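These features come from TrEMBL:
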type	residues	note
SIGNAL	1-24	signal peptide
DOMAIN	53-407	domain 'Ionotropic glutamate receptor C-terminal'
DOMAIN	63-119	domain 'Ionotropic glutamate receptor L-glutamate and glycine-binding'
BINDING	Pro128, Thr130, Arg135, Ser295, Thr296, Glu344	L-glutamate binding site
TRANSMEM	177-199	transmembrane segment
TRANSMEM	237-259	transmembrane segment
DISULFID	Cys356-Cys409	disulfide bond
TRANSMEM	424-445	transmembrane segment
Amino acid sequence: MDKGLHFMFCVITTVLLLRESSQTGEKNDPKVLAASKSAFGSDSRGPEAGLPTLTVTTILEDPYVMVRSAELEGYCMDLLKALAAMLHFSYKVKMVGDGQYGAVSSSGNWTGMIGEILRQEADIAVAPLTVTSAREEVISFTTPFLQTGIGILLRKDTVSQEMSFFHFLAPFSKETWTGLLFAYVLTSFCLFLVARLSPCEWNEPKSEENHFTFLNSLWFGAGALALQGVTPRPKALSVRVIAAVWWLFTIALLAAYIANFTALLSSGSEQLPIQTFEDLVKQRKLEFGTLDGSSTFYFFKNSKNPIHQMIYEYMDKRRDHVLVKTYQEAVQRVMESNYAFIGESISQDLAAARHCNLIRAPEVIGARGFGIATAQASLWTKKLSVAVLKLRESGDLDYLRNKWWETSCLHKSRDRWSPLQPQALGGLFLTLAVGLALGVIAAVVELSNKSRRAAGHAKKSCCSVFTEEMCTRLRIKENTRQSQEPSGRANA
């Protein structure tokens, strides 16, 4: 009896252990472990929870999908994890077989990730796949998760040029230099006028000499621009007010010039002769091309813009030489030869951030977006679009963008230097204008006080004496010449 109970106990224990081992094997199954994990935490769900499993096709491209420590990571992988967590599905990632994004081949069939979705080899494509009308006709795209355009990637030393002979004028715009010249002439004229009107500069115009001639006033203003004291030195309060305001103006202006000139030399923006696609077509030093079969290539092919047509004809005639197969090949070729790569601007920003000797030209054309590709009439298209919108509204897409594009050279690649405009110095010019007005008013007050005293002694009206004084001071040379002519005739 005891032996029978002992045998039954062993059988029951063995059955329980085998059942537990079977359940553990199911949990460790690779398909079950393909359950989604959010970008900000893990949330694995196996088939036992009833989660659908999607086959995801993608392509290796930094920083969207990369292999590190035998695992896939990158912007698209984090995005996929976040979508799986929101929509409750598991997934299995596979690399696209031919390494292409998707284009129509000579046989009429679609290649790349687009072809795999059409052949039902994959359910969705999560990659930097550009939304185009040709692709939208055969598959469906979700709301774009990244916005981009078409730019030009260059190597700095291949496009750098010697600074122009008048490069020292670049810190200020033409309008600013014009305003500075006008301010200089106006200030010199005000110095000349106020020095003649003020009795404190010369009390007796008929016997004294006024050192503030117009040429001397110009010299005084130029000396202030060079931070050098020059003669004549002002005596009257009105002239000193104008001189002080002009000195303040020149010091602030020189500080702005030095700061902007330093920024100009460090940024190197003026050393980039290729600013637009038109500049790229006109030059003969650099070859240029794009990814073979990419949406960028077909953008230029279908464009009606004459410049774009010239770019397409150039690339089409030299297809075997200027078109590249992968983005990594394009970046390597830009770094090692006289080659300009035309492609997605957002990817070029990353390349310029990772390689500090690369730079993207300012012009960006063909605004477009990266979307998730699905089969037409797929139930996942609407769900994925709504999920992408939610991630954008919550700021998660911005977080991923900053996470994978953050490098030491990113800030430098985004710096754009520009000449200083007059609006930036508007307050400085206004201060100078107010100072000139105060100087003129002070000179009129000084002359009025003297005229009032002279009118009391001569028993004349103050207005008549003030008018006589002003005419005498403004026409002193003419009066002197008239007084010298009779004496000359008498001697004759």
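Don't overthink the numbers, they just go from 1 along the chain as shown.
Glycine too: its Cβ is placed from the backbone N, Cα and C atoms.
The structure, with features from TrEMBL marked on it.
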| residue | record | Cβ contacts under 8 Å, 6 or more apart |
| --- | --- | --- |
| Pro128 | L-glutamate binding site | Ile59, Glu61, Tyr64, Cys76, Leu146, Glu344, Ser347, Phe370 |
| Thr130 | L-glutamate binding site | Tyr101, Thr148, Ser294, Ser295, Thr296, Glu344, Arg368, Gly369, Phe370, Gly371 |
| Arg135 | L-glutamate binding site | Gly102, Ile114, Leu129, Phe141, Ser295, Ala373 |
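Residue counts for the domain 'Ionotropic glutamate receptor L-glutamate and glycine-binding' (63-119) under DSSP, split into helix (H, G, I), strand (E, B) and coil, are 20 helix, 15 strand, 22 coil.
Residues 176, 179, 183, 186-187, 190, 193-194, 197-198, 236-239, 241-242, 244-246, 248-249, 252-253, 256 of the same chain lie 6 or more positions beyond the ends of the transmembrane segment (424-445) yet place their CB under 8 Å from a CB of it.
Outside the transmembrane segment (237-259), and at least 6 residues removed from its termini, the chain residues within Cβ reach (under 8 Å) are 171-172, 180, 183, 187, 190-191, 194-195, 197-198, 200-201, 212, 220-221, 224-225, 227, 420, 424-425, 428-429, 431-432, 434-436, 438-443, 445-446. Other than Pro128, Thr130, Arg135, Ser295, Thr296, Glu344, the residues of this chain whose Cβ falls within 8 Å of the Cβ centroid of the L-glutamate site are, in sequence order, Tyr101, Leu129, Val131, Thr132, Ser294, Arg368, Phe370.
Across the domain 'Ionotropic glutamate receptor C-terminal' (53-407), the model assigns an average pLDDT of 87. For Thr296 (L-glutamate binding site), the number of other Cβ atoms no farther than 10 Å from its own Cβ, over all displayed protein chains, is 23.
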